[in-house]
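Visitor: Pasting the relevant annotations from TrEMBL:
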TRANSMEM  B:65-84  transmembrane segment
TRANSMEM  B:111-133  transmembrane segment
TRANSMEM  B:139-160  transmembrane segment
TRANSMEM  B:172-193  transmembrane segment
TRANSMEM  B:218-241  transmembrane segment
TRANSMEM  B:262-283  transmembrane segment
TRANSMEM  B:326-353  transmembrane segment
TRANSMEM  B:374-396  transmembrane segment
TRANSMEM  B:402-424  transmembrane segment
TRANSMEM  B:445-463  transmembrane segment
TRANSMEM  B:469-487  transmembrane segment
REGION    B:655-681  region 'Disordered'
COMPBIAS  B:669-681  compositional bias 'Basic and acidic residues'
Number of protein chains: 2
Amino acid sequence: MSKLTDVPKRILIGRALRSDRLGETLLPKRVALPVFASDPLSSVAYAPGEVLLVLSIAGLSAYHFSPWIAVAVVVLMFTVVASYRQNVHAYPSGGGDYEVATTNLGPKAGLTVASALLVDYVLTVAVSISSGIENLGSAIPFVVENKVACAVGVIVLLTLMNLRGVRESGTLFAIPTYVFVAGVFLMIAWGAFRGGVLGDDMRAPTADFEIKPEHPGLAGFALLFLLLRAFSSGCAALTGVEAISNGVPGFRKPKSRNAATTLALMGLLAVTMFCGIIALAGATDVRMAENPAKDLVHNGVPLGPDYVQDPVISQVAEAVFGHGSLLFVVLAAATALVLFLAANTAYNGFPLLGSILAQDRYLPRQLHTRGDRLAFSNGIVLLAGAAALLVSIYGADSTRLIQLYIVGVFVSFTLSQTGMVRHWNRLLGTEKDPAERRRMVRSRAINAFGAFFTGLVLVVVLLTKFTHGAWVALLGMCIFYATMTAIRRHYDRVADEIAAPDTPSEDTVRPSRVHSVVLVSKVHRPALRALAYAKLLRSDTLEALTVNVDAEETRALREEWERRGIDVPLKVLDSPYREVTRPVIEYVKSLRAQSPRDVVSVIIPEYVVGHWYEHFLHNQSALRLKGRLLFTPGVMVTSVPYQLESSEAAKLRARKRQDWAAPGSARRGPAERAKDTSPRT
Amino acid sequence: MSKLTDVPKRILIGRALRSDRLGETLLPKRVALPVFASDPLSSVAYAPGEVLLVLSIAGLSAYHFSPWIAVAVVVLMFTVVASYRQNVHAYPSGGGDYEVATTNLGPKAGLTVASALLVDYVLTVAVSISSGIENLGSAIPFVVENKVACAVGVIVLLTLMNLRGVRESGTLFAIPTYVFVAGVFLMIAWGAFRGGVLGDDMRAPTADFEIKPEHPGLAGFALLFLLLRAFSSGCAALTGVEAISNGVPGFRKPKSRNAATTLALMGLLAVTMFCGIIALAGATDVRMAENPAKDLVHNGVPLGPDYVQDPVISQVAEAVFGHGSLLFVVLAAATALVLFLAANTAYNGFPLLGSILAQDRYLPRQLHTRGDRLAFSNGIVLLAGAAALLVSIYGADSTRLIQLYIVGVFVSFTLSQTGMVRHWNRLLGTEKDPAERRRMVRSRAINAFGAFFTGLVLVVVLLTKFTHGAWVALLGMCIFYATMTAIRRHYDRVADEIAAPDTPSEDTVRPSRVHSVVLVSKVHRPALRALAYAKLLRSDTLEALTVNVDAEETRALREEWERRGIDVPLKVLDSPYREVTRPVIEYVKSLRAQSPRDVVSVIIPEYVVGHWYEHFLHNQSALRLKGRLLFTPGVMVTSVPYQLESSEAAKLRARKRQDWAAPGSARRGPAERAKDTSPRT
């Protein structure tokens, strides 16, 4: 019952949207791009900086490796995009990596992918919001001075928005995303023009700092390891690429082709922006360090703990556009907004994945209802709580949080691509058409290379990041995996227990007779209604039952009973301690003992009330009695509701709760009308 | 559902006692005295000190008024005891002041008394435990240095004990109470012997201090006011006297006479101890002040905030027995223990009064079950929470808490005695026997004097204590009064709404037919059982209903249905969004719309599980569906339980919860077997 929280919720979250207003909208490419790509595109706001940060460990001289790392990231990006274009064509149902891995590699691989994705969603929220706060902080210092509070505030805001059921509107996503992309391209173009044509000397605000390397003169294997670590950090730019493969049903037709085109476009934009920013960072002499307080030195003096290191993108923007210029502020705001939208995609993906997992009985069954408000709310609150916890623990420091990221993404990449290879192998086993076979062989080659490359990156990420925080993400995955396995095992055990036997057994043998017992305490409308309904059911015996908790009231009841000439016998049970439950249970058991093959039907008049506090005043004895009766075999319990006037309010509330737009509905597309399999008996 | 808390509760509170072990014990006088009198007797531990405290405001010279105040308290005590001896004879049912006031002065007076008593119970806990901690602290300094923490700790301990259902065992109460009484009497006798016979100069530890009066040389009306305030504080000795009048049914026969005797004995012991301690305090030159840090001066220097003022009883004990002597420590321990037992009496009284109020529908109905564990638990936790709050706010300072006390007691005394006067007036209106009339006239005179005197004290207490804290107690009474009035009004309104009309109406007209709908999702044992039971009920139409959330599963269900040749038609509802609730509700409404005078019976197979976490995995859809169905008129909802193997554990737990000894059962006496008013139809 969510009634207790209804009033504050209403105030905070507002009235729910009606689902029919949602319509049967499908996303055109120009809207799909911002809806799906805010996550991968926004990562260029932090990925280049992470590369420089890691390189700084070996000193400024290591910065000249940054273009090579950018090249490696670009190659990886093209590989992943090419691979996922195959997924999108092969699995247009939107099941995504979970479906691909489960179908081709078995349920354990699928569950591993699912665990990885769930962890990944939590980290998307934590990393994107932390980075958004840092970008906002480069324009508004107050924000970065209260980093954790602001980050948690944004999480709370997003949570409330999603609980309210705000639809992912195309416009809402499109404007900041396009402003961000346009801003970054303008910055790259203007920077290239100023540097290349005008010959201006653009200098980042940190250009005058020196870097005190933690490990100067690193070489050989150690240098290689460092470069691999820098590459791992740069791979953050790839997070969210897989989102489109979950969202194919949301595209306009031809769905798969449009999705594949959007994917390619997104990849192209992302790598251009990534490389442009890396190049500009080199040109404007951006200086970043893992521990800026200690390792950044200005005029021979370390900058100290008060120094706040701005993100690369904002330092570059400052150098190109000028400090405090309008374009600088607009880009900072757009960057922050796109990062918050990226976080929002996790709010859409998490409950959707939950609903798919619930269908496969890895999560509680009730989550599988698509658009069930309560189920989605639980998912949203769980996601927000975990993200807020991480943000608080890691002080909303995107650099530290990124160490946890990426592992999940690459687990899911690798398993998904491996699954695709088996998918093509299976199809090739039956396909005869040579043209089709050639296409399949090509696709398989792409996926095989994708699997190999992402698998290699996964190993690199694990090796270079494990002690820096990746173990936390792995632990999270293990917890999800274990919980979901346990839930599945429980459901399987229960399914075995309740499986219908083929031969008639105790459960299927028809019991012989039914004794109906109507519980009454007074002769009032609810009791009369319950009696009237009970009579309709024509059971073998029917009697009214009352518990004598007050001799006076019992006498009045019996008199009233006779006065009205109610034609149902009234049975009175003694209860010296004024209990209700025990005498009734004992009476029902005695009935069962007399004729074990019969069934007892206990009919309870129930008050339907409208306010949560009224629950404390009514039905408590009935509820507890019902709870105990259910443990007695051979009993069924019937509630005959009597709607009190106040129940109208609750009815309206319940109706409103039902008309609610679930997060993620836009990206999943409208539900297809299931074919009616019944002959309408 | 208390399932969530079951495991920690079991660990903390232990296994519940079986109620049949409680037996049908009745209390002999020697056991009844400690059970009922720990509250009034224990108050001599703080009442004398409070008198001296107040007097000190006018300086040391005002101390010579203390014997006069003691005399006034003694007169009041005799009056109250004499009055309550009349109550005990007139109302042997144990209804106490609430019953007396309601019967004779009407429900508003009764509710006022009830509110006063509820507040009083909370204060009994707060004051007794604070004072107990102070007494314990005179022997163990650590305790008084962590006053609030220790006091809250004792509250938690008592709460756990009472939640566990510890019976008020005679022995448990008798030993510390008798040790305490014996110790105080020994102290008085030994003090008198040393002072009077040996001529020893016994000096209290504070004897050398001087008092800096806040208002030196007070005279006239101001002095009178101060004396009245001191008297009000001394009246704390009377709290708990009324307890015996609630406990008459717990006494051995002749109940009323034994109760009256116990009452008299208790009064005699209390006044002797009170006067003895006041006298010894005078003889040993005890010095107490309201603000000891400032107003107590030693060698011209104020004692400062580190000084801890020990209670009078421990100062006197130190003077008489010697500091650190065995008798001193034993008496301190016994005093603390008796005070904790006094607090425990409130744990017994509060839920009992609640159960009486629930019978009169001033509190939720379910509380009226005597010995219902859940209801009592709620009362106990409420009491403990309120007391802990007060203790925390007032820093476990008994002097400050006592300002709030007494108001409630005297409200209840005054109204009860006034009610008794009307009681005798009513009886005198019909009684003819002159001997009986004479007895009644004498009783009436006693009660009238009691009413007058306690009323006067109430006015004095209100005047002298209002600003010192009595307003808090009055506010608490108003809150209880308002809440209970609102609950009663709600019940009355609902009773009007559901009152059965004398002429047949919509509710009483028998509906014509019943359509039964069995919800199925799969062909498994629970579904087969539900179908078998539904067939037994012989409704006019019967069909099985399934919601098509997964086309594959639905097809499998239909095939299985046909394969088994189940002779109930299967209806399939579409649900594109995989919802369950909405399609079913709409279908039921459409059935109702087709034939509005018919009734729809929805039969739901329900899983009965054993662990709280299993609730998240089962029945959630069914529960929500049921919740929505109840709002639809003309529907009844039947649960057909299927007991999973794991439900055995829960069944055992539920059974154990039922066999539980309620607090206060000893003082209420065994329940009388209610006469069976039914002809066993």
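Here the Cβ of each residue, glycine as well, is placed from N, Cα and C on the backbone.
Note: TrEMBL annotation is automatic and uncurated.
What you are looking at is a predicted structure, and each value in this text was computed from that prediction instead of being measured.
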Visitor: Looking only at residues six or more beyond either end of the transmembrane segment (B:65-84), which have a C-beta under 8 A from one in the stretch?
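Guide: Distant Cβ neighbours of the transmembrane segment (B:65-84) are 47-48, 51-52, 55, 227, 230-231, 234-235, 237-238, 241-242, 244-245, 263-264, 266-267, 270-271, 274-275, 278-279, 281-282, 413, 417, 420, 446-447, 449-451, 453-454, 457.
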Visitor: Same chain, outside the transmembrane segment (B:139-160) by at least 6, Cβ under 8 Å from its Cβ: which residues?
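Guide: Those are 12-13, 125, 129-130, 132-133, 308, 314, 328-329, 332-333, 340, 343-344, 347, 380-381, 384, 387-388, 391-392, 395-397, in sequence order.
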Visitor: Which sequence positions outside the transmembrane segment (B:445-463), separated from its termini by at least 6 residues, show Cβ-Cβ distances below 8 Å to it?
Guide: 76, 79-80, 82-83, 86, 225, 228, 231-232, 235, 406-407, 410-411, 413-414, 417-418, 420-421, 423-424, 470
Visitor: What residues in the same chain, six or more past the boundaries of the transmembrane segment (B:374-396), come closer than 8 Å to it by Cβ-Cβ distance?
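Guide: Long-range Cβ neighbours of the transmembrane segment (B:374-396): 2, 121-123, 125-126, 129-130, 133, 147-148, 150-152, 155-156, 158-159, 162-163, 343, 346-347, 350-351, 354-355, 358, 366-368, 404, 662-663.
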Visitor: Are the transmembrane segment (B:326-353) and the transmembrane segment (B:402-424) near each other by the rule of at least 3 C-beta pairs under 8 angstroms (pairs 6 or more apart)?
Guide: no
Visitor: Using Cβ atoms and a strict cutoff of less than 8 Å, what residues sit near the transmembrane segment (B:218-241) while being 6 or more residues removed from its termini?
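Guide: For the transmembrane segment (B:218-241), the nonlocal Cβ contacts are 36-40, 43-44, 46-48, 50-51, 53-55, 57-59, 62, 65-66, 68-70, 72-73, 76-77, 80-81, 84, 120, 124, 127, 263, 266-267, 270, 274, 342, 345, 402, 405-406, 409-410, 413, 457, 460-461, 463-465.
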